[in-house]
Amino acid sequence: MKGLLSLLLVGAANALAASYEPRSLTEDMLQGKEKEVWDAIKGEIPGAQLDDYFNPPTAHQREPDEKWDGKLEGKSVNTLWVEEGKDKPSGIEEYGMRFKTVDPSSLGVDNVTQYSGYLDNKKNGQHLFFWFFESRRDPQYDPVILWLNGGPGCSSMTSLFMELGPARVGQDLKLTRNPNSWNNRASIIFLDQPVNVGFSYGKSGAFNTPSASKDVFAFLTLFFKKFPQYALQDFHIAGESYAGHYIPFASYPPMACGKGGYSAVLDQPTCKAMEAAVPQCQKEIKRCYDKPTDVATCVKGAKFCKDALVRPYSRTGQSIYDIRGRCEDPKDLCYPILGWIAKYLNQRHVQKAIGAEVSHFKGCSNHISSQFFAHGDYNQPFHRKIPGILKDVNVLVYAGDADYICNWLGVKEWTEALQWPGRHIFRRKNLSVVYHSVNKWPLGRVKYHNGLAFLQVFKAGHRVPYDQPENALDFFNRWLAGEWTP
């Protein structure tokens, strides 16, 4: 089995009624962990507002089961959950899946077989939306991809209609076929997570990363049980941004100050101040690593590092997602197309065609991102999970060379710092130029060893398939074919 890098993000929720309209939160409504987190936030962030960190559930209207083409109950599936090398009850009986066949002619996204629906966590009231597209080539043999967006708090529908899906949305809200869609040679599942992102919903928002894996495990178990025709192919998990999760803060000063391949954005005094803040930032992060359950410690560290190493760049007006230009549209994360996608998906005929139960779609949720920050999730050492993954799964980590927030210097650094048997050989290897397999132009630089590969993609920002669609499809297909995996 091969796999692209991703960390799974889904949160916890409480019991949920069939329909819900949100109301404002007050401090007296917070209990347990939420109250602990809010106390930590107030202590570290003067003037913090409750609504910035704890959002009510997304408004929704659940459709009756008979409106769906089918459903599958978890209790009909016999499986185990493996945790720390031990078999444990999977809890799959707590889940169910509702689905429908999407008529390709209804929206014109693509003419391939499509399914959409919801994974339902009956115990916690989570409902995660998915949209599946069959491969354009040979779905019987082509691999299956699970795509997860980052943020945290951005819908995978944004990547579907902006980057690697079968169609792109224009300013006029019309669709154009994407000739460089990743479903040219693979079937793709786009999953909206965590809860209250995109078309997913639940009574309580997501707070951190670790609660994700069981929900995604349940989704995949039920999906492949219901659609066994896709269960025998190679399977990959792919994602971007926060899906990769960890970027060393020490990489920000050199990237902003002319050492990442592009001209400096900041002046020398600011660069020196940022460099001077790196040791303290690293100390704060280590404190969080040493006490990962201490929310106040992790929040304090994340705030210090963000204030010292990210805000100086943000204040310039330059896009944190592409060092080559200004932020065109701050309300849509510097990408105007995100606003077009939201308008397209908020059309009633679109929502009806895919069975969406959330009437107001937002591409990215600042509330979700703030919640993850508030729970200290930003500084958690999840990259330490990668060595265990490398025992069984090949991992490709790619980064656009013009991205600031997840810059290639930092991504390369953490791949070289991983504690795994191939570390020393991987570190010693130099980056070598990769050429497009057909057009023969240089698309990036790569290094790889024993199942781990790092790829620096030329002339690309944060969203690589958006900036370099041909090159992204080329390296994606080559990875699927087994290149860079020895």
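Each residue, glycine too, has its Cβ placed from N, Cα and C.
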From Cys281, Cys288, Cys298, Cys327, partner that Swiss-Prot gives for the disulfide involving Cys305: Cys281
Candidate in Cys298, Cys334 joined to Cys327 through a disulfide, as Swiss-Prot lists it: Cys334
Residues satisfying Cβ distance under 8 Å from Asn430 (N-linked glycosylation site), sequence separation of at least 6: Lys447
Site with most surrounding Cβ atoms, counting all protein chains shown within 10 Å, from the disulfide-bonded residues Cys298, Cys305, Cys327: Cys298
Lowest local Cβ density among Cys281, Cys288, Cys334, Cys406, which the record lists as recorded positions, within 10 Å: Cys334
Which recorded positions sit within 10 Å of Asp403 (active site) - Cα, from Asn111, Cys298, Cys334, His462: His462
Length of the line joining the Cα atoms of Cys281 (disulfide bond) and Cys406 (substrate binding site), in Å: 17
When distances run from the Cα of Cys327 (disulfide bond) to each of the recorded positions Asn111, Ser241, Cys288, His462, the nearest one: His462
